[in-house]
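Asker: Would you mind keeping the following structure in view while I ask a few things?
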Amino acid sequence: MSENNNDKITVKKTLTLKRSVLETSTVKQNFSHGRTKAVVVETKRRKITRTDEKAETSQPITKPHVAPQRSKPRFEEAKPSESSMAKSNLSSAEMEARLRALEEAHIQERITREKVEEQARRIKEREESLRQAVQETEIHQEEQKEEKNPPVQTSPLSSAHSSIEPIDIAITPKNITVTEKRKADEIKNDDRHSRRANPAKSEVRTPKVVKGANERRRGKLTLNSALDEEGSVRGRSMAAMRRRQEKFKRAQNQEPKEKISREVVIPETITIQELAQRMAERSVDVIKFLMKQEQMMKPGDVIDADVAELIAVEFGHTVKRVLESDVEEGIFNIADNPQKMQPRPPVVTIMGHVDHGKTSLLDAIRKANVVSGEAGGITQHIGAYQVEQNGQKITFIDTPGHAAFTAMRARGARVTDIAVLVVAADDSVMPQTVESINHAKAAGVPIIVAINKIDKPAADAQKVRTELLQHEVFVETMGGETLEVEVSAKTGQNLVKLLEAILLQAELLDLKADPKRTAEGVVIEAKLDRGRGSVATVLVQKGTLHPSDIIVAGNEWGRVRALIDDHGRHVKEAVPSTPIEILGMQGTPQAGDRFAVVTHEAKAREIAEYRQRLARDKAVARQTGSRSSLEQMMTKLQTTGIKEFPLIVKGDVQGSIEAIASALEKLGNEEVRARIVHSGAGGITESDISLAEASNSAVIGFNVRANKQACALAKTQGIEIRYYNIIYDLVDDIKAAMSGLLSPEQRETFLGNAEILEVFNITKIGKVAGCRVIEGKIERGAGVRLIRDNIVIHEGKLKTLKRFKDEVNEVQSGQECGIAFENYEDIRAGDTIEIFRIEHINRTL
């Protein structure tokens, strides 16, 4: 029996660790610094032995499948049973040495794998592929080594006594936790001491690691890996990568959009955001462009038209510059068609002194009593009426006669065709009569003199004609061209003759207008009526005005609701030279404002807003004194090219005024002269200030002062009043102001000549002529002429004047020097340089 048993024992197979009894699963762990480790969890099954093997086997230790937990798993060593220890005759020291060898091999393999992964991470483009390739290469090399080196076999002596069972150890190179690392380090240290004591002892090789089925799903995201990878960063999914590739392909295949060039309308000022919207660009792009130009701005900042044009051109757009005043283009001064012109009635203005019978004369002409309705017999507003004589119509405008309404009288003179100057035969020429003459002459309209109150016993028509000669009004009976008619508003004497004289003068003027075009005219007066609202009396000068027309008058606009004539009747249209009342204005315009018909309300509103804004700016300018000095007025006249110096002179007596006027007339020459717009004896009144504002004149007071109302009006209008009590001081100041209008005189002074001896080229300076002064002297900064063969080829200024390498101010005759010209280098030896100086001398009268 013993022999048979021994025979069976001798033929047993070599001791091996069979891997077929293990079911493996892989769990990936992440550590700091980008390191990862795959841990294999193995489940041991029952080992099945062959029937011919009578050796007693120990029950296999089954380790349950360990699911990945967030807590660190505990490491349990698989210890052999006492029976197997007794049968294998292995001491505990040998078993511990074998375990330590296995752990050391595992740790060494992990260290090697980490080094390989560290090297693979440094390669950016193929990080993951290279790391997997290195791992596969290492595993393949280990398999080849195991094929060459078979597993360690037990000695024949130990196998003869007992059969050794395979030891199933649930430890693999990939299931070591942090606790296992500490134990492995302790085992490694103990093994080093044991190796020193037993250097001849053979080492046990690490069993080969076999890739399980789960290794193929290493890069997949599973529930176990998601629970185990705490704190790890999840990578991009395949769907995200696929979307990214599709987006990149679309961007590659998409054709670039063609730049669209637009016409950008740029006003005087515009915000960056509005400019970007008009260019169809982003505000950020415009701000980036400004940042490149070293301008830090925001979308809401306002820039001027020049900067806006630069930005628009830089972005590839065309620019159309517009001004705020462009909104008024196309409403005034439209050219009339000569073929459509038709005769129109003349517009006649009744002018004259207060209480000389202007309204009474007009009332006699109209055959209607309007005098009784006036306060104190004085006309308080401009009345416009139309009468008919021999089938021809005449439009009359009655202006107030007293001095407080000088500005209204000036507006009336601007709209009239013929001025009828009413002078009382018993009162002769008065101050307001002279003002009316001046207004008529300034407007350039012909004058017809109506000598009224001829029926009175004290009437002296010849005296009136003689006094009119002093104001340059020459009537026909005195050898002039001005028509005069002796009339009586009370008795109606010669009224028909006056109307015939007006029609005769109108025939000479050949007055025509186009009634088919849009209406245009002037506001005669405006008022606010409690029942009807704003009511404006206008004079149609061109075209025909209809109800429902949209008009702009000064700073106001409105739609015509009704047209009322001078008899209070509603009419359907107003032809040229027709005075008419209009209802429907949004506000009350000023007397003298021009009106015109526009196409739609938006344009009318835009024009009115622009004019209101302009009026506010002018009011601010007056308060700051923009026109408050005589010097600024002189500068304005000089820039506009006007050579006349307008003045309004008021004195204490008529003799002083005549002396001042005579002295001022002597100051003029062929370039500039003084023009006295108005002069008179007495204090400075509101009428004088209004006339100065209308004619842009200076106000001079000689031994007189302005009253309180005139001072307030002058301050409001920004008119300066100068007072004098010595006639010579007055003349000297006016002379100095008028002298400023004269252009200065240029006088040339010869300094010397120099001859060019040699020409030198000097760095950073250019050509320098070495000269000798042969006549006079050379001064620094003087003018020079280059003469070659007695021909002047260049005239300019000196750039450099040196003597012995030093800058000098002048060089005397007989000395040598170096000369360089400004922006000119065509100089040759033998040329002659002429030096001169130009002096500007102010001219005086």
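Just so you know, glycine gets a Cβ as well, placed from its N, Cα and C.
Annotated region 'Disordered' per Swiss-Prot: 45-91, 127-209, in sequence order. Residues or ranges marked as compositional bias 'Basic and acidic residues' in Swiss-Prot: 137-149, 179-193. Taken from Swiss-Prot, the feature domain 'tr-type G' applies to 343-512. The region 'G1' annotation in Swiss-Prot covers 352-359 and is backed by similarity to another entry. Here Swiss-Prot flags 352-359, 398-402, 452-455 as GTP binding site, drawing on sequence analysis. As annotated by Swiss-Prot, region 'G2' applies to 377-381. According to Swiss-Prot, the feature region 'G3' maps to 398-401, an assignment based on similarity to another entry. Per Swiss-Prot, the feature region 'G4' maps to 452-455.
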Asker: Mind giving me a neighbour count for Ile454 (GTP binding site)? Other Cβ atoms within 10 Å of its Cβ, every protein chain shown.
Answerer: 22
Asker: According to DSSP, how is the region 'G4' (452-455) divided among helix, strand and coil residues?
Answerer: 0 helix, 1 strand, 3 coil
Asker: Return the count of C-beta atoms lying within 10 angstroms of the C-beta of Lys358 (GTP binding site), excluding that atom itself.
Answerer: 27
Asker: Hey, what's the Cβ neighbour count for Asp355 (GTP binding site) at 10 Å?
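Answerer: Total other Cβ atoms inside 10 Å, all chains included: 16.
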Asker: Helix, strand or coil for Gly352 (GTP binding site)? Use DSSP.
Answerer: strand
Asker: State the mean pLDDT for the region 'G1' (352-359).
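Answerer: For the region 'G1' (352-359), the model's average pLDDT rounds to 78.
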